[in-house]
Amino acid sequence: MTSPRKTHPLAKIINQSFIDLPTPSNISSWWNFGSLLGTCLIIQITTGLFLAMHYTSDTTTAFSSVAHITRDVNYGWMIRYLHANGASTFFICLFLHIGRGLYYGSFLFLKTWAVGTILLLATMATAFMGYVLPWGQMSFWGATVITNLLSAIPYVGSDLVQWIWGGFSVDKATLTRFFTFHFILPFIIAALATIHLLFLHETGSSNPSGMTSEPDKIPFHPYYSIKDILGLMFLLLVLISLTLFSPDLLTDPDNYTLANPLNTPPHIKPEWYFLFAYAILRSIPNKLGGVLALMLSILILMIIPTLHMSKQQSMAFRPITQILFWTLVADLLTLTWIGGQPVEYPYMTVGQTASIMYFLIIISLIPLSALIENKLLKW
């Protein structure tokens, strides 16, 4: 008799995706981050749901409702900090997942890569709107500054900003709609993640060597389910340690002050995971130019498959490109640091240099190194 997991309509889908899935036998721990991202999403939706039970999206009570959650709700402090730091671990996994995709040439799975980029944008939008909800100083001014960037769009900019605000400034209408979208977007992200997985299983996973995996595959369970659980333990260790020992390590002290439209904080900055893009935005003196650079810094991922000039999929055997890749990583870390610094010399100059390097490495240096390596293969 055939096992029900292979015949039952629902169990069959789960079986083909997580149990009997043919998986390359040589994939490393860099392939763990997909399942870790799924776990992060589940943690965020669960903790977010409990927070939404006690939160009020009104400018007069939002700040005090967050204080009420932290002080009066049973384990409210833990739920809140798990949610806040869960976002940080989510983005750490996200950046590592994208980095692995770039290094091992996973972007050649075009549909999977395109959906993944949309997932990144949706996650960034969700995180931004979530940051506005506690209605602290940085929430209010962050929302004001970032939404105001849309006013740089010719002709329709000002109308668009007022349409998003629901008035002439960031106020009750803005907070209510941000809460609405922040609540619904994670479920859209979950649906997109399912599509992402669907496209991935059409082609199968890549592997570190960059060669075809067809001749040598093993079932996902028990081999990789056990491996994923190990990664999950590390993730939970980091998240729980962060939540219990230093929950405010990654947050801004200004956000513990109630939003005040009459008092601007000395340094307006987003959460750490947006700092690289914020640094690129600030490095261009022109407003519209800055907004375009900000958009391009993320959307450039969409054109990466067209910039792939190498005859090899992976960077595993391409030493010149490897140097450029790790230079790009260092450049992104530099941009993240610069984004948190004041707009003054020498930070401005470093930020502008790092921004130019970011686009230069991706658009010209990596494709150029690929062409050089192709030539070297012939010698």
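Every residue gets a Cβ built from N, Cα and C, even glycine.
Database features (Swiss-Prot):
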- His83, His182: heme b b562 binding site (BINDING)
- His97, His196: heme b b566 binding site (BINDING)
- His201: ubiquinone binding site (BINDING)
- 33-53: transmembrane segment (TRANSMEM)
- 77-98: transmembrane segment (TRANSMEM)
- 113-133: transmembrane segment (TRANSMEM)
- 178-198: transmembrane segment (TRANSMEM)
- 226-246: transmembrane segment (TRANSMEM)
- 288-308: transmembrane segment (TRANSMEM)
- 320-340: transmembrane segment (TRANSMEM)
- 347-367: transmembrane segment (TRANSMEM)
Cα-Cα distance linking His97 (heme b b566 binding site) and His83 (heme b b562 binding site), given in Å to the nearest integer: 21
Same-chain residue ranges lying at least 6 outside the transmembrane segment (113-133) that approach it to Cβ under 8 Å: 55, 57, 62, 66, 87, 90-91, 94, 98, 101, 106-107, 139-140, 142-143, 146, 174-175, 178-179, 181-182, 185-186, 188-189, 192-193, 195-196, 199, 270-271, 273-274, 298-299, 301-302, 304-305
His97 (heme b b566 binding site) and the residue listed as 'ubiquinone binding site', Cα-Cα, nearest whole angstrom: 17
Inter-residue C-alpha distance, His97 (heme b b566 binding site) and His182 (heme b b562 binding site) (nearest angstrom): 23
Other CB atoms, at most 10 A from the CB of His182 (heme b b562 binding site): 21
Candidates 178-198, 226-246, 288-308, 347-367; stretch with most C-beta pairs under 8 Å toward the transmembrane segment (77-98): 226-246
Integer Cα-Cα distance in angstrom, His182 (heme b b562 binding site) to His196 (heme b b566 binding site): 21
